[in-house]
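Engineer: Could you have a look at this structure, given as structure tokens, before my questions?
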Amino acid sequence: MSKNPMILDHPLVQHKVSHLRDRNTGTKEFKELVSEIAMLLCYEATRDLPTEEVEIETPVAIAKTRVLSGRKLALVPILRAGLGMVDGMLTLLPAAKVGHIGLYRNEETLEPVEYYCKLPSDIAERDVMVLDPMLATGGSAVDAITQIKKRGAKSIKFLAIIAAPEGLERLHTAHPDVDIYVAALDEKLNENGYIIPGLGDAGDRIFGTK
Ligand SMILES: O=P(O)(O)OC[C@H]1O[C@H](OP(=O)(O)OP(=O)(O)O)[C@H](O)[C@@H]1O
Ligand SMILES: O=c1cc[nH]c(=O)[nH]1
Ligand SMILES: [Mg+2]
């Protein structure tokens, strides 16, 4: 990857993120947009997957062409909000295994509290993509990636929809080997650790809990 973080500047991504931010966007459309943006992030984050040449018989000739050369992949959404990105990713990567890490932010300290971790048993052999729509202070992403590395994974990417500069800095400092892909880079965090302008609480908007 040439740039870390990679901030997608594609018009489709910008258009969809604008609608996602809108406070008048309801749960159904919000979920659809998260899934679609995840698909576009996936397209960019898989640009370096290795391919191999094969011969395919078309109805008229033999084509020398390329297919993915069988790298094993794992998606690891950070619960809850990361779940919203899984379907979009699996649309493009149907063979990927899915692990889950449950984290929530302590509202006062803003530090992550871990409550669940279940990863594919062969995670150490897989290229891992960690998913969370929001990278705010970066505490959740850093903690999730630390847990995944403890279980042996060596190749890890992090995909978020909106990032704050504070979160990008913290994640890059803690895990400089991790390539980061984001759909939008925002201005700052407010005093409650929310991204400004952001989109509010992603988990609540995906699951309709507020
Ligand atoms: O970068 P950070 O400061 O750690 O903040 C980002 C985290 O906050 C949100 O989760 P939240 O704690 O709201 O849990 P939820 O997904 O269950 O709503 C979000 O989905 C990230 O996981
Ligand atoms: O702005 C924010 C920050 C953390 N988590 C969210 O869902 N939104
Ligand atoms: Mg939340």
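Cβ coordinates are placed from backbone N, Cα and C, and glycine is handled just like the others.
Taken from TrEMBL, the feature 5-phospho-alpha-D-ribose 1-diphosphate binding site covers R80, R105, D132, P133, M134, L135, A136, T137, G138, G139, S140, D201. Positions annotated as uracil binding site by TrEMBL: I195, G200, D201, A202. What TrEMBL lists as domain 'Phosphoribosyltransferase' is 8-209.
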Engineer: Cβ under 6 Å from an atom of ligand 2: which of these binding-site residues qualify? The list is G138, S140, A202.
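Structural biologist: List returned for ligand 2: A202.
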Engineer: Out of R80, D132, A136, G138, S140, which of these binding-site residues is nearest I195 (uracil binding site) by C-alpha distance?
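Structural biologist: Going through R80, D132, A136, G138, S140 one by one, the closest to I195 (uracil binding site) is A136.
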Engineer: Compile a sequence-ordered list of residues in the same chain as G200 (uracil binding site), six or more apart from it, whose Cβ lies below 8 A from its Cβ; state 'none' when nothing qualifies.
Structural biologist: R23, Y194
Engineer: Residues with Cβ closer than 8 Å to the Cβ of A202 (uracil binding site), same chain and 6+ apart in sequence?
Structural biologist: V34, A81, G84, P133, M134, I161
Engineer: Relative to the mean position of the Cβ atoms of I195, G200, D201, A202, the recorded uracil site, which additional same-chain residues have Cβ within 8 Å?
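Structural biologist: For the uracil site the neighbour list reads P133, M134, I162, Y194, G198, L199, G203, D204, R205.
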Engineer: Could you say whether, by DSSP, A136 (5-phospho-alpha-D-ribose 1-diphosphate binding site) belongs to a helix, a strand or a coil region?
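Structural biologist: Its secondary structure by DSSP: coil.
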Engineer: Same-chain residues six or more away whose CB lies under 8 A from the CB of S140 (5-phospho-alpha-D-ribose 1-diphosphate binding site)?
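Structural biologist: The answer is I78, L103, R105, P112, D132.
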Engineer: For the binding-site residues D132, M134, A136, I195, G200, D201, which sit with their CB under 6 angstroms from an atom of ligand 3?
Structural biologist: D201
